[in-house]
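Chemist: Shown below is the structure under consideration.
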């Protein structure tokens, strides 16, 4: 913890880290928020699932493109335009009752305009801290970002159960705008100069390690989306629901795991081993209907989440040239959002058919596949142990 405290004392760094964290919260809130909001309107999980699938499709198309746009036009103008459009679309879903087709179209717009805050922040970091401290910063960033993917749904569930599902969506929009403006007005961001991309669009996907990172990211974050849906189905979305508390505990264990393993050496097998912990905990949740046992299973799963994300970050940044890092991270982000939305869609159908157990089954299959893929292609993964030597 001392290393993390020291690095946050670097002038300007703390505000950049915190602002980008807040600006990225909609990415971890919108899938579940839209799921709950539209499920209440339609009475089923299938239609919300289709909307989330459209959202993931939009993100899959746009994320690498917008990351490259930042290299060409600059961070601030690109992100400002995207935040404006996505905020308007989110508010529209929250306040205007929509039929199935219009809802799907708006979902596509939201997904295609989610701002590439993470690639922007990762591009800014090297200009703030020296190279020998960059790995510590990346480990910290990978850990606290779990507050987005797992802690974000806590806000959604709490607001949806205590106030309304519309309030949950509006809060996501507010965090995106507030955090985005704070991030864009940082002097460190305005001074940042991104290196130009070195190849054609999609060239980084010719690198096996990048593809493995994207696929495993899609699968593991997909398991998160399914777990969130199954947790809501288990505990309910009513005012006294414990779903928010359970997801909060999950977030805490993920954060603990990430900070504890932030300086652990990362070899070619590290990604598979850490994802196995996630898969094991998720699988245990599938075999019980007891809320207490489900909670303990998710606590185990959470311990492996942030450590696995740290490895994915390192693979995405260390396997490409400096100018291609934003696009590489853009594809990684595409995998995450696609996984969360698509797995939520499949989990929604499974929950309608088999109940919460169906949702946890989808999560288990997704997490297990995430652990298997890097094991099958371990020879294509880089040895990152040198990063912990700084």
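Backbone N, Cα and C atoms are what each Cβ position is placed from, and that goes for glycine too.
Keep in mind that TrEMBL annotations are predicted by a computer and have not been checked by a curator.
Straight from TrEMBL, here's the annotation block:
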TRANSMEM  21-39  transmembrane segment
TRANSMEM  45-66  transmembrane segment
TRANSMEM  78-98  transmembrane segment
TRANSMEM  166-184  transmembrane segment
TRANSMEM  205-227  transmembrane segment
TRANSMEM  242-259  transmembrane segment
TRANSMEM  271-289  transmembrane segment
TRANSMEM  295-316  transmembrane segment
TRANSMEM  328-351  transmembrane segment
TRANSMEM  357-378  transmembrane segment
Chemist: Using a Cβ cut-off under 8 Å, which residues of the same chain at least 6 positions beyond either end of the transmembrane segment (271-289) come close to it?
Modeler: 216, 220, 223, 227, 230, 234, 261, 296-305, 307-308, 311-312, 315, 356-357, 360-361, 363-364, 367-368, 370-372, 374-375, 378, 381
Chemist: Spell out yes or no: are there three or more C-beta pairs under 8 angstroms between the transmembrane segment (357-378) and the transmembrane segment (166-184), with each pair 6 or more apart in sequence?
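Modeler: No, these stretches are not in contact.
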Chemist: So are the transmembrane segment (45-66) and the transmembrane segment (295-316) touching or not, going by 3+ C-beta pairs under 8 A with a sequence gap of 6 or more?
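Modeler: No, the transmembrane segment (45-66) does not contact the transmembrane segment (295-316).
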Chemist: For the transmembrane segment (205-227), which partner among 166-184, 242-259, 295-316, 328-351 gives the most CB pairs under 8 Å?
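Modeler: When the Cβ pairs under 8 Å are tallied, 328-351 comes out ahead.
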Chemist: For the transmembrane segment (166-184), give me same-chain residues lying six or more residues beyond its boundaries with a C-beta closer than 8 angstroms to one of its C-beta atoms, as numbers and ranges.
Modeler: 15-16, 18-26, 29-30, 33-34, 36-37, 75-76, 79-80, 83, 86-87, 90-91, 93-95, 115, 117, 120-121, 152, 155-157, 159-160, 190
Chemist: Would you mind listing the long-range same-chain contacts of the transmembrane segment (295-316), meaning Cβ under 8 Å and 6+ residues beyond its ends?
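Modeler: The answer is 122, 135, 138-139, 141-143, 145-146, 149-150, 209-210, 212-213, 216-217, 220, 224, 227, 231, 246, 249-259, 261-262, 264, 266, 270-271, 274-285, 288, 325, 328-329, 331-332, 367, 381-382, 384, 387.
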